[in-house]
Structures are given as structure tokens and as C-alpha cells.
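What follows is one structure encoded as C-alpha cells, with my remarks underneath.
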């Protein structure tokens, strides 16, 4: 049976809280009364088929956002009531603290939280207890943990700020601003501090950090907004960064903020202001007095579709109602807040329709809201876990405030990057190309530095070492004993600074003043860290722990720690002839020579009389042939073609090796050689020797903590090192490489460098962390390095040192030649010798087998045992079984032995020929001496 519900005609109630906490009804304006009558015209009687549903809305009626939201919600209610036949909406406006009143007295079935995330969280607490769904038009920058369990009836219609923050980070990265100041209006529930965390995380990839955060309480809670904002903004004057990011702000705070910042000179040359959607969305609605204080600021806001019949109808109706209700406003265009407000009412209305009539519960209504899926004016509306699902990646518009309004520069999205306004494609990772289109604060030409730049009135304060250990790098001549007056500083580092400055001044001027200071280098760097000075110029070593707190330029000189010790002449020349080759090289050379000797003997002693005879004669002949070939003095003739191949390759090896040996030995004998008195750092540690270093504390700490020296003393300056060495106070000195070069240039005949070099980052200038001037100086140093100016400064530095005119800092001891340079040559020689030996052996085996086939009465080798076959083969080789038939001398030739085909010769060793055989012709019959087997 259907329940009959008798209720009053649908109506729209508007109630706003007064400052004392009471409520009063407001009178309807004509457009609102017209809307009310329009509702009545569509249904003047409430029947059993129509159910009136009360919904509550919490807005800030005095703000531009609240005004837009109120009008948009009223239009949404009116549109729904005009089309729905089963339900009518009754909308009640109230302040946040009166939410419980809406639930208890008005029996609202849903709440709209159209203010800040802080107030949405308050409403969520109330709605959870009353089990009333609440739609929030704002979202936390970072969703609180367990939010869905804590506020099960909360539905967020807005997305978090992560994409918006990434857009800001991309803008900062485009212009390489390294230090920023974040400004936001406080939110007790973490909505805005969450944006600060998101921004800090997004900036990490580009190396940008948030130098300072200026936090304002809600401006409505401040009794004297002008004075309070002025005092807070004045705190920024002592900060070096001039890049200001307004993360979250009400329009009221933004108005006060820019007015006071202009009065204090913070919206001027070299400053940058970036505002987020919370401010930029109202640029169309504020008057020119506010716009005039924001000149040059960049703003971002999310792009939404302005095409389609639904939007056009809403826009036309909104402008008419808004103009009638708020004629004092400057603009009547709807913003993103109005679109979201309209979509929120639409979501609740259709959820009510879907949930049904009298049997509907609040949980059913909540589930119906969460299942929403429609295309709203602000975009696609779908939820997951109480949060809005983004159907596509948001696109943000980047605008530049100029004149009475603003210019649209382009667009950005996280997946496609930047797109300039007059182009149709994305793809750029930087908006630096837009620089010519941007009007910066103070009418600056070019990209602002985002930093406090020096002027003639406030020059750049540069501290320099007043007592450098090596004055060739930085020299300060004090005019009085108190160290107050001084002449202009000189030295290599000062020359590099001036050379880089001349390049830098092509872009902008840099007024500066030097401040010499007699202190440690750590203290000089610390004075930049604590912002006493803007930079330190000198022979400052780039170290990791220093780089954490200051900004170093590119190094202009290499740096490393090297050991310098007294030198003595090298008197160990008795065995100098052995030093051109390493021990390994000598050993392998000897082995290759012996191997070649054996191969030559084996190949020649079968057919060459000069390599036959007793074993000792054969060995001496082979050795003599091999050694004499080293000097190309061998006289023995070779007959085997295999031997000729081996000897040709061996002679080539001999030529290369002897030439290399001669060149290396010549270098060792002609280059002056000074031997260090100490070569081993380990020996210094074991003997607990005293070592010296300059006054830079990091060197002393490195020697003690890393190299583990116990006795380390500081040597005041360059002239004190020879005194300390001669007096025996130090055994070795550890100097950085630039110092070592200068020192050895002065004392090249007394001291030498030895041991390993422990590398560091080089010499550089240090600036305050995040200073863009450091980047400009780095580029200038690279420029003078590439055009040769830096090299000329180095040459001038060493040309001024004349004590050792023949010193060459690049001179090093000639190294012995190692096998690494010759192993390919030796491998080739050994491989060819082996191949020739194998070919010869194969030929011998073949002839050995053929000899049995020619004598059938002899047992074949296959019928004998292995050892017998091997012994027989060795005898075959020993007897010259494969030598080529060669005519013996006439004295060894038989005569009248029968037919020509029975003639036979036997080759004998020269050692077996007696003296009588060499005395000329003999009687016709001569006995040929033969060697007994």
C-alpha cells in the first residue's frame, strides 16, 4: 500500500549565520522569487507521488566562491524540481558550525560541504555520527590515512592537488630556480600543509628546495589583517630567494598579501610570483585594484570544457541570476567552483531518484551517490572509495597577469608537458621558450633570477683568504699590522675570478667587494653558510660535506692529495741495462729464444751438415746460431724451407724487441732521475713518522681519519716546507696537486712527488646554497676554459716561477717495457715455429712408413710394439731418414759401384771427415769413412 505523504509545497530556504551565532532569514530577491514561482507552476499540489527531500549546504556566503556556489546550487535544484515528478529538493544554506542544526531541525538527508577541507572534515565527523552522506567540494592535498574508515559517509567531489603541484614544479624546473618560498593559509586538518609536502617532494627531482614557509592563519580569525600580513611579509626581506609560491589562499588573504608585498618591494625586478588555482580562478572576478598589485605573476588553473549545450544553458542562466543577486561583483562568469557545486546537487538528486522513495535509508542513499557515473559540467563524475576518479589527466592553463587582466601563455599536463597557446601540439619539457611572451614583475627584460641581486648600494660581499699558504693562488698584502687596510688582492684564483666576471658581465653587472679574512678555510665556508657573506673566492677545495651547504662553481683547477718527499740522485746504474724490460718480459723472451733454437736444430740437423755431429757440437751450433741472430751476425746456412720460415719470423721478432730495448734504455739514461727518499706510505705509518700539511683543516682531518697518520703538523706557508724537511721536523709533506706543482717548480732538484694521488673535487668558488650566480659563474668558467683563457692563466702562473726553469710538471719516470706490449708478437712466433715443426713431423712419419713398403721382407711398424716402433722411428730420424739426397763432397763419393740406379750417397757430419780427406785428389779407390751405429 502506498503511503500518502502530505507536505508543503517545495521551497528553497536561505539561511545564513550572523557573527553572533544566531540565524536570520533573508529576503528573497526578485530572481529567486521568480524561480520559486516557476517551481510552483510545475506542481502546485503535493501528491502521494511526490516526496520532498531536504538537503543542507554549508558555504561562505560572503566570499566570491560562496556566492558562485550558492547560485549554482539553486539553479541545479530548480532544474531538478522542474523535471522530476517523484521528488522535490529543498535546499537549506547554513554555516559549518550549525551543521547539526540542519540534521536535527531540518531533517536533511544529505549535506554539501562547499568550503575548505577543514570544514569538510568537521562536517564529516558530524555526518558520521548522524549517518548522513556529505559531499565535499574540496579535497585534502594528501588524503589522511584511514579516511574511509574514519569518515565512511564522506564523498569527495574534488581531486587532490598532486597534479597542480607537479605543474608548479615543472615551471620552476624550466627556469632552474633552486630556492623558493612557499606561502599558504593554515588548515588545521592538514589540507594545505599537505600541499607543502607534495611540493617539496615534487621539487626533489630538479634539486629545488623550499627555503622558507610563510604560514598564515585563516584571515577571518585575525583582528587586524593589514598589520598582521604586513609584519609577516616583512620577514621575507631577509631571505635571499625571491621566488614566491602561493600554494593555498583565500581571495581576501591574496589581496592583502600582494598589496603589502608591493609596498615592501617584493614584487619587483628579479622576483617571481606563482599562484595556484585557489587564487588564479578569481582573476576574472576581481577588480583592477587587485590586479594592479599582481602584475607579472604566473597563475595556473584547471581547464574544463566550455563547449556543449548543457554548459551554454547553465552559463546563460548563471550570469543572469548572479548579476541580479550580486550587482556589485565585477564579473558574472561562472568559475570551476560553480561547476562543481552544480554537479554536487545533480549527483545527490539523481542518487535520490535511484534510491527510491519511502524505504530509502541513508546508507542506501550513500551507496547510490558512490555509484554515480555521469558527465558533469566540471568533468566526468565517478567515485572509488569515496574519492573522485579522474577519467583523464587534468590539463592546466598557465596565465600571466598583465595590465587590467591576464594573458594566456599556454597549457601543461603531466603526460604531455607544455604547449604554448598558439601551437597545437604538446611535447616540451620546459616553458623557457615562452620567456619572450612573459611579462615579469618590475617590467624585467629576460628571465628573473629569483634571487636578491646585488646593486651599487648593496654590492656582492665576497670573502677571500687573507693568509693563504701558497700566495701564488691568493695574495693579500696588508697595509698595517692590525690587518685592516690592504692592497687589491692578486693571485691565480683572483685572476680566474676576474676572467669569469668579464664573461658574466656580458649579461648583467655584478657590483662586488672583497673582504679578506685571516681564518681557516672551513671558517670561510661557514661564513657563506650563515649568510654573513655572499660567496668565498679562493683556492677552496670542493668537498662532499661542503657541497651540502654551499653552491660550488665548476672546478677551475684539479685537486688531489699527493706526497712530497726529499729527492736524491739515482745511483743504482750498475744494472741499468736490465731495467728496459720487466722480469716477466726477460723470462718470456728467453723462453721464446730457446724454443726457437730447439725448432731450428730439429729441422736442420737432418739435412744440414753444420747442425750434425756429437751432441755437444750440435748444441753449441744451435745456441750460437740463435744468439748471433739477435745481432744479425749468424753465418750458418740453412737448407730446410721450414727452417727458413721460422728464422724469418724470429728475425722480425728480434728486430722489434731490440729496437724497443734500445729506445727504452736510451730514455732511461738521458732523462734525469731523482729517487724519493720515501716511497711507501705504509712505511711512514709503521714508523710513526711526522708528516706536514697546509693550514686547511680538511687535509689534516683526511690524513688522520682516512690515511691514519698520528703525527700530523701544520706548515704555515710554502717557504716553511724546506725548513721543516731540513730540520727533520717532517719526513713527508702532503700537498694538494696545484700546490705540489708550484712547490716542485721552485724546488725541483731537491724534492719529488711519490705515491698515489688521492683525488678531490678540484678548486672552485662557493656561493650561498641555491644562488643562481653560482650557476652563471660555472658557465663563465667553462667559457674561459674552452676559449683558452684559463690555460693562459695557468701558464702565466708557472712562468713566474723561475727557480727551476727546466722543470716540467709532466715529467715522469720511464717505465720498463712489459709483456703486455709484446705478447702478440711472441705468440705469432711460437705458433709459426710449432706449425713448421708439425708439418715436418708429418712428412717424416709418411717417409718412415714408405720405407717399409719398399722393403717387403721387413716387418711393418704396425706389427711391432709401441716402444719398439717409437725407438725405430727415433733411429730413423737420427740416421737422417728423411734428408734429401744431396751430393757429398768428392772425397766421400764412391766410384765404380755399378750402374747409375744403384748409386748411393751417405751424408756425413763435417766432424767425421779426417784431415786426409781434405788434401786434394786421391788414388782412384777411396774408402768412405762411415760412422758406426
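Each residue, glycine too, has its Cβ placed from N, Cα and C.
Remember, TrEMBL labels are computer predictions, not curated facts.
Values in this document were obtained by computation on a predicted structure and should not be read as measured data.
What TrEMBL lists as compositional bias 'Basic and acidic residues' is 914-933.
Taken from TrEMBL, the feature disulfide bond applies to 748-804.
Annotation comment: TrEMBL describes 461-800 as domain 'Ionotropic glutamate receptor C-terminal'.
Annotation source TrEMBL lists region 'Disordered' at 911-933.
The transmembrane segment annotation in TrEMBL covers 585-603 (among others). Nonlocal intrachain contacts for the transmembrane segment (585-603), taken as residues 6+ away from its ends with a CB within less than 8 angstroms of a stretch CB, comprise 578, 611, 618-619, 621-623, 625-627, 630, 638, 640, 642-643, 646-647, 650, 653, 657, 816-819, 822-823, 826, 829-830, 833-834, 836-837, 840.
Among the features that TrEMBL reports, transmembrane segment is placed at 645-663 (among others). Here the transmembrane segment (645-663) has long-range neighbours at 580-581, 589, 592, 596, 599-600, 603, 629-630, 632, 638, 817, 821-822, 825-826, 828-829, 832-833, 836, meaning same-chain residues at least 6 beyond its ends whose C-beta is under 8 angstroms from one of its own.
What TrEMBL lists as transmembrane segment is 823-845 (among others).
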Query raised in the report: Around residue 748 (disulfide bond), how many other C-beta atoms are within 10 angstroms of its C-beta?
Result: 21
Report task. Would you report the average pLDDT that the model assigns to the domain 'Ionotropic glutamate receptor C-terminal' (461-800)? Result -> 85
